[in-house]
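First comes the structure, then the notes that go with it.
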Amino acid sequence: MKILLVFDFDNTIIDDNSDTWIVQCAPEKKLPIELQDSYEKGFWTEFMGRVFKYLGDEGVREDEMKRAVTSMPFTLGMVELLNFIRKNKDKFDCIIISDSNSVFIDWVLEATSFHDVFDKVFTNPAAFDSNGHLTVESYHAHSCNRCPKNLCKNVVLVEFVDKQLQQGVNYTRIVYIGDGGNDVCPVTFLKKNDVAMPRKGYTLQKTLSRMSQNLEPMESSVIVWSSGVEIISHLQFLIKE
C-alpha cells in the first residue's frame, strides 16, 4: 500500500515558469507586442506553439533553449524532497501532471538526474521538427469547462488512479503538490484521507482559502508549504502513521 504523490512542475518543482523563462532566448529577451497580444485565455498551448515558431524563425536552436531551461532554479527544498522520495520509493509512487511540455521536463529531470524519482510524467507532447523548431501539442481533449482546453489535470489523475487500481495498485492516500489555477480542479477530486499541498502565496492557495471562506466543501486536508523541507516533514509523519 503506497502513497501517491502528484507534482505540478512550473513554480512547484522549479521556481519559475518554463514557458515564460524561455523568452530570454528571444532577441532582446522579449516577444513582439503582436505575439504577446495573440494569447487567448484557455489556449496557452497554442500560444506557446507560436512562441516556439517565432524563436525558431529567429534562429534560436535546441542547444540554446536547453541551456536556458536547465538553468532554471529548483524551488527551495525541492532537491532535498526529491532525494527523500528516492530513498523511500517503496512507500511512494510519484507522478508529474504539468501544463509545460515533455521536452522541457525531460531536460530538467535529465540534467538533475531525477528521472528515476518519477513513475510517470503527464504533459503536453513536444518535439523538434525537421527545421529545428520546437512544436508542442495539446495533451488531450476533455469536456471540463474549468480547465484550459489542452489539459484537465483532474481527468489525468482519475484515469491514472483507475488504471493503477485495475493493475492491483490501491493508494492509501494521494498528496497533491502544486501552485496554480489549473491545480484547483484535481484538488477538488481529492477525498477525505488525501492531502492538498498548495504553495504559499500562489493562486492555488488563494483559491482554496477563498473556497473555504465561502464554505465550499473540500474533503481533503490542506497543508500550505513554502519549502520542500516542510513537505518532507509532513510525508515523514504520513509514513509513520
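Every residue, even glycine, has its Cβ placed from backbone N, Cα and C.
Sequence annotations record features per position, and here TrEMBL assigns Mg(2+) binding site to Asp8, Asp10, Asp179. Residues or ranges marked as active site, nucleophile by TrEMBL: Asp8. Feature annotation from TrEMBL assigns active site, proton donor to Asp10. Residues annotated as substrate binding site in TrEMBL: Asp19, Asp99.
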>> Between Asp8, Asp10, Asp19, Asp99, Asp179, which of the binding-site residues has its C-beta surrounded by the fewest other C-beta atoms within 10 Å?
In response: Asp19
> With a radius of 8 angstroms around the mean position of the C-beta atoms of Asp8, Asp10, Asp179, what other residues of the same chain does the Mg(2+) site pick up?
Replying inline: Phe9, Asn11, Thr12, Ile13, Asn17, Ser98, Gly178, Gly180, Asp183, Arg199, Tyr202
> Relative to the Cα of Asp19 (substrate binding site), which of the binding-site residues Asp8, Asp10, Asp179 has the closest Cα?
Replying inline: Asp10
